[in-house]
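Residues annotated as domain 'Succinylglutamate desuccinylase/Aspartoacylase catalytic' in TrEMBL: 12-206. Residues or ranges marked as Zn(2+) binding site in TrEMBL: H22, E25, H117. Residues or ranges marked as N-acetyl-L-aspartate binding site in TrEMBL: R64, E179, Y289. The feature substrate binding site is assigned by TrEMBL to N71, R72, Y165, A166, T167, T168, R169. Per TrEMBL, the feature active site, proton donor/acceptor maps to E179. What TrEMBL lists as domain 'AstE/AspA barrel-sandwich hybrid' is 220-299.
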Amino acid sequence: MTSSSVVDKPPVRRVAIFGGTHGNELSGVFLVKHWQENGAEIQRTGMEVKPFLTNPRAVKKCTRYIDCDLNRVFDSDNLGRTVVEDIPYEVRRAQEINHIFGPKGSDDAYDLIFDLHNTTSNMGGTLILENSRDDFTIQMFHYIKNALAPERCPVLLIEHPSLKYATTRSVAKHPVGVEVGPQPQGVVRADILDKMRKIVKHGLDFVQLFNEGKEFPPCTIEVFKIMEKIDYPRNKNDEVIAIIHPKLQDQDWQPLNNGDPLFLTLDGEVIAYKGDCTVYPTFINEAAYYEKKQAFVKTVKMKLNAKHIRSSAL
């Protein structure tokens, strides 16, 4: 490998760890509060690591949000809204977060944000990628996956032409979602919290190695790319009339083929999947997504490549 094929990337000096973006997802809440009191575990040489509670009002009430989903309002319209008395709390909070860690899309924005989430779905320790061309983040995910092996660490790619998320972490140059489950809302489980803690540790280790001059040769990772959100069957009153089939429940990341059962009505009717290719469902029966009319997310499996990288600071 000649030096000319190495891509120089700026060092990553400012890192934030967000917990409580959803106030009832308690692993991130517990970890961030712990690190605010005792941050030695997350500090690394040559970088500032800031643990931050993103939605304190929702955390206090142990609810997902107060007025609207904080993890969906980091778009230009909401970030640019005039602050008036009746503006939703989360929109005001998004503007505050953008002021502290952004502005989004600017050179002054934080280099990296880990945004810690829990899911009620059986997703294990999942990493969420927003940009398929982000060599630095793909290299980090490759490092984390290898560090956790043989335990699985799926990567969900949420890049999509029409599904726009406008996530809290998208303020950073390199946004990283960490989604760990299954864990009920308003509950903390030691095994799930430990899995999240390890992901963050390995991610910070990678950043330190990168900043100190370690080169990372070209790599390839498997990702699950989001294709479509699937709703529950509904009646004319828009009420759910079928539930996730037992054979689909807890089968996140497993192949789903034409004819496989999806839903079950209370009359015993099985509603099967109709599709011309194998897909991989995830966020199956996520409790928070009933209000979003989402029974699961359909993904396809693909490979992403990252170039040989090193820090330009050397």
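Each residue's number is its place along the chain shown, starting with 1.
Including glycine, each Cβ sits where the backbone N, Cα and C put it.
Rounded to a whole number, the distance between the Cα atoms of H22 (Zn(2+) binding site) and T167 (substrate binding site) is 12 Å.
Cβ neighbour counts within 10 Å, taken over all protein chains shown, single out T168 as the most crowded of the binding-site residues N71, T167, T168. The Cβ of Y165 (substrate binding site) lies under 8 Å from the Cβ of N71, R72, E130, I158, each of these being in the same chain and 6 or more residues away along the sequence. Around the Cβ of H117 (Zn(2+) binding site), the number of neighbouring Cβ atoms within 10 Å comes to 26. Cβ neighbours within 10 Å of Y289 (N-acetyl-L-aspartate binding site), excluding its own Cβ and spanning all shown chains: 20. Annotation for R169 (substrate binding site): spatial neighbours F18, I113, F114, D115, E130, P175, V176, G177, criterion Cβ-Cβ under 8 Å with sequence separation of six or more. Comparing the Cα of H117 (Zn(2+) binding site) with the Cα of every entry in R64, A166, T168, E179, these being the binding-site residues, the smallest distance points to E179.
E25 (Zn(2+) binding site) has R64 nearby among the binding-site residues R64, A166, T168, Y289, counting only those with a Cα within 10 angstroms of its own Cα. Cβ proximity to the Zn(2+) site centre (mean Cβ of H22, E25, H117, cutoff 8 Å) flags the following additional same-chain residues: G20, T21, G23, N24, G28, R64, N71, L116, N118, T119, A288. Those residues of the chain, other than N71, R72, Y165, A166, T167, T168, R169, with a C-beta within 8 angstroms of the mean position of the substrate site C-beta atoms are T21, L70, V73, F74, D115, S170. Each residue contributes its Cα atom, and for R64 (N-acetyl-L-aspartate binding site) and H22 (Zn(2+) binding site) those atoms are 5 Å apart.
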